[in-house]
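**Student:** My structure is below; once you've seen it, I'll send some questions.
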Amino acid sequence: MQEFKSFEIKKEEIVPLAEKKKKEGIRLLMIQGYVDKEGQVVVCYQYEVGNCIESYKITGEAELPSISHIYDLAAAWPEEELYELMGVNFQGLEMRGRLFMPDTTLEGRGQILVTPLSELKKKMLGE
Amino acid sequence: MNRRLNNELRNTNRTVSSSLEEPIHAKLYTEGEIIKDAEVFIGYNHRGIEKLATQKNFIQTLALVERVCGICSHSHPFTYAMAIENIAQMEVPKRGQYIRVIMAELERLHSHTLWLGLACHLIGFDSMFMHIWDFREKIMDILEEISGNRVNYGMIIIGGSRRDINDDMRRKVNEMLDSLEVDIIKMRDMLLADKTIAMRTKNVGVLPYEDAIRIGTIGPHGRASGVNVDVRKDAPYSCYDEFDFEVPVVQDGDVFARVVIRVLESVESIKIIRQALENLPEGPINLGNKLPKVPAGEFTARHEAPRGEVIYYVNTDGGQTNYRISIHVPTFKTASTVPFMLKNNTIADAGLIIASIDPCFSCLDR
């Protein structure tokens, strides 16, 4: 049976936590993100601990330290994705440029998750 | 990436067809025929499925996520349904779970044989390609017998499986498996002993264990480099803990190792399907096909799809639609290995090496 546990953490805890998990040989499963009902960006660092996913959540921070120097590409691609989909800036992340969004869509970065669908249609289709 | 080297090699540009009909752009920096560095560009076909899912209810979303990928069209609704069922604390009836697993393993079989055939085609061994795709039709026939469809099976509903496997069907599928098993074993013996395949794939596109771990590679691609990660064993879900099967792992990390892994996994999949058919429990297959009441919550569900781990993060707010779905597919974690594998190989092998991750850029551009 797969399990899921969620924890709230602060911005300054991200890097020490990643270093600790890496040292323990724990896999970074994914970095997820969404925008909550108050319009705040939420980023979840998810680690695989046995059959449990531990999800460490940071709310309301548009700039976060990158953990790509600890988890390499396993962190770099998810961070780049969150930059492109939600406009979160990861300090220290070596950006490859556009990775997931086409150049023609919202200039290839930023706001697709943040913007309501009706406004996206106006921007992209000129409706 | 070695920027200095890239600058030195920048004037050697030319276009080469990579043999793949996929929206990927690989930029190779070469010295003569040897690839010295590479970059991979993806994301040419973003479809906005995650965004669209926030407008759909839980039943509509099943049909939507089934279309993330044609090959893994069971894996996506399976994983999504597990996330919703966990948030809603629903217990899927045992018979429904067994049917889900049967479909998942049939999907693995048809995906692996599809890739094995294509790999033979890419190295110019077209008679083997046609032979493999010929008996792959038997797998498609079984899928059609059970679900009524060759792709987009529609077998998953929230709380179970949509269609049952009756005794008549079970007998018929078992007979089909008998014939298929002979073909799979024959394929295994031919692929693993064939000199042409060995010459074209051994020591080609090597991804060492250290690089695989560092990059976070998963699935058959990771297991071919010694990364022993398989969600079915590591975090058993549905009823996978009730079956006796092995997870093959090899260390060589080359294209041949990726062939070996997929051949051996095909044999294991048949073992699982046989056990599931033989021990199919009595009882209902689902909890009823109605719109479930899902409370506010979140869950990350994982499933070992044919190409590796599929991850669905689902966030609900107590309403009838998803607040957020985040889909991550195996190619997300394997495409980043391509530049490392291409280095010091020849341009002629680039297509085969890129294909050896069994990429699905359609999945990636969800």
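Note: Cβ is positioned from N, Cα and C throughout, glycine not excepted.
As annotated in TrEMBL:
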- B:E50, B:I327: Mg(2+) binding site (BINDING)
- B:C69, B:C72, B:C360: Ni(2+) binding site (BINDING)
- B:C72, B:C363: Fe cation binding site (BINDING)
- B:123-287: domain 'NADH-quinone oxidoreductase subunit D' (DOMAIN)
- B:292-366: domain 'NADH-quinone oxidoreductase subunit D' (DOMAIN)
**Student:** CA-CA, which of the binding-site residues B:C72, B:C360, B:C363 lies nearest B:I327 (Mg(2+) binding site)?
**Tutor:** B:C363
**Student:** Between C-alpha atoms, which of these binding-site residues comes nearest to B:E50 (Mg(2+) binding site): B:C72, B:C360, B:C363?
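**Tutor:** Given the candidates B:C72, B:C360, B:C363, the nearest one is B:C363.
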**Student:** Go ahead and report the DSSP secondary structure tallies for the domain 'NADH-quinone oxidoreductase subunit D' (B:292-366): helix first, then strand, then coil.
**Tutor:** 26 helix, 29 strand, 20 coil
**Student:** Considering the binding-site residues B:C69, B:I327, B:C360, B:C363, which residue's Cβ sits among the greatest number of other Cβ atoms within 10 Å?
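**Tutor:** Max Cβ neighbours within 10 Å, all protein chains included: B:C69.
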**Student:** Mind giving me a neighbour count for B:E50 (Mg(2+) binding site)? Other Cβ atoms within 10 Å of its Cβ, every protein chain shown.
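**Tutor:** Cβ-Cβ neighbours of B:E50 (Mg(2+) binding site) within 10 Å number 22.
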**Student:** Taking the mean position of the Cβ atoms of B:C69, B:C72, B:C360 as the Ni(2+) site, which residues outside that list, in the same chain, have a Cβ no more than 8 Å away, listed in sequence order?
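**Tutor:** What remains near the Cβ centre is B:V68, B:G70, B:I71, B:S73, B:S75, B:H76, B:A305, B:P306, B:R307, B:V329, B:T331, B:S362, B:C363.
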**Student:** Using a Cβ-Cβ cut-off under 8 angstroms and a sequence gap of six or more, which residues of the chain neighbour B:C72 (Ni(2+) binding site)?
**Tutor:** B:E107, B:S111, B:A305, B:P306, B:R307, B:V310, B:V329, B:C360, B:C363
